């Protein structure tokens, strides 16, 4: 039996982090967690990490698509925070963002990690950006590092 899996060390990986500025008080903590994870666990060099900031979560897929189309990166981390309000806007933004990012991954055959919080309250978002519930930015980075290595291993074996 042949098992293909990836580890998290990716010293030479070139990683783009596409970040929504909306709800920046939460998203900046997600970014800190992602960068810390890339450096500490992935051993990714500063020069191999590019941060791209966009206005909001709806803009994440387009920026990720442009990054993927460049062919210069091994993976993309998307970070944002969509917090439910009193209108259906939350469902539209969260759904389109998720769908668009998944489409980029499939269209360009590049790992796109989803680190966009979709929470009911500000408190839940804060908890998931580095307090009680860990840092989902760091978790998104871990998943991305593993997928970069899985895809490289598949390329070598197939």
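Cβ atoms here come from the backbone N, Cα and C positions, even for glycine.
Keep in mind that this is a model prediction, so the values were computed, not measured.
Going by Swiss-Prot, these are the annotated features:
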ACT_SITE  89  active site, proton donor
BINDING   22, 57, 58, 59, 81, 82, 83, 114  5-amino-6-(D-ribitylamino)uracil binding site
BINDING   86, 87, 128  (2S)-2-hydroxy-3-oxobutyl phosphate binding site
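A strand conformation is recorded for residue 82 (5-amino-6-(D-ribitylamino)uracil binding site) in the three-state DSSP classification. Across the structure, residue 82 (5-amino-6-(D-ribitylamino)uracil binding site) and residue 128 ((2S)-2-hydroxy-3-oxobutyl phosphate binding site) place their CA atoms 12 angstrom apart. According to DSSP, residue 87 ((2S)-2-hydroxy-3-oxobutyl phosphate binding site) is assigned to coil rather than to any helix or strand. Fewest other C-beta atoms within 10 Å: among the binding-site residues 81, 82, 83, that description fits 83. Taking only the Cα positions, the spacing between residue 128 ((2S)-2-hydroxy-3-oxobutyl phosphate binding site) and residue 58 (5-amino-6-(D-ribitylamino)uracil binding site) is 20 angstrom. Comparing CA positions across the recorded positions 86, 87, 89, the one lying closest to residue 114 (5-amino-6-(D-ribitylamino)uracil binding site) turns out to be 89. Checked against residue 57 (5-amino-6-(D-ribitylamino)uracil binding site) by C-alpha proximity, the recorded positions 86, 87, 89 yield 89 as the nearest. Summary: among the recorded positions (89, 128), the fewest other C-beta atoms within 10 A of the C-beta are counted at 89. Counting in whole angstrom, residue 87 ((2S)-2-hydroxy-3-oxobutyl phosphate binding site) lies 17 from residue 22 (5-amino-6-(D-ribitylamino)uracil binding site) by their C-alpha atoms. In sequence order, 20 are the residues near residue 59 (5-amino-6-(D-ribitylamino)uracil binding site), counting only same-chain partners six or more apart with C-beta under 8 A. Cβ neighbour count for residue 87 ((2S)-2-hydroxy-3-oxobutyl phosphate binding site): 8 (other Cβ atoms within 10 Å of its Cβ, all protein chains included). Just so you know, the Cβ of residue 57 (5-amino-6-(D-ribitylamino)uracil binding site) picks up 26 other Cβ atoms within 10 Å once every protein chain is counted.
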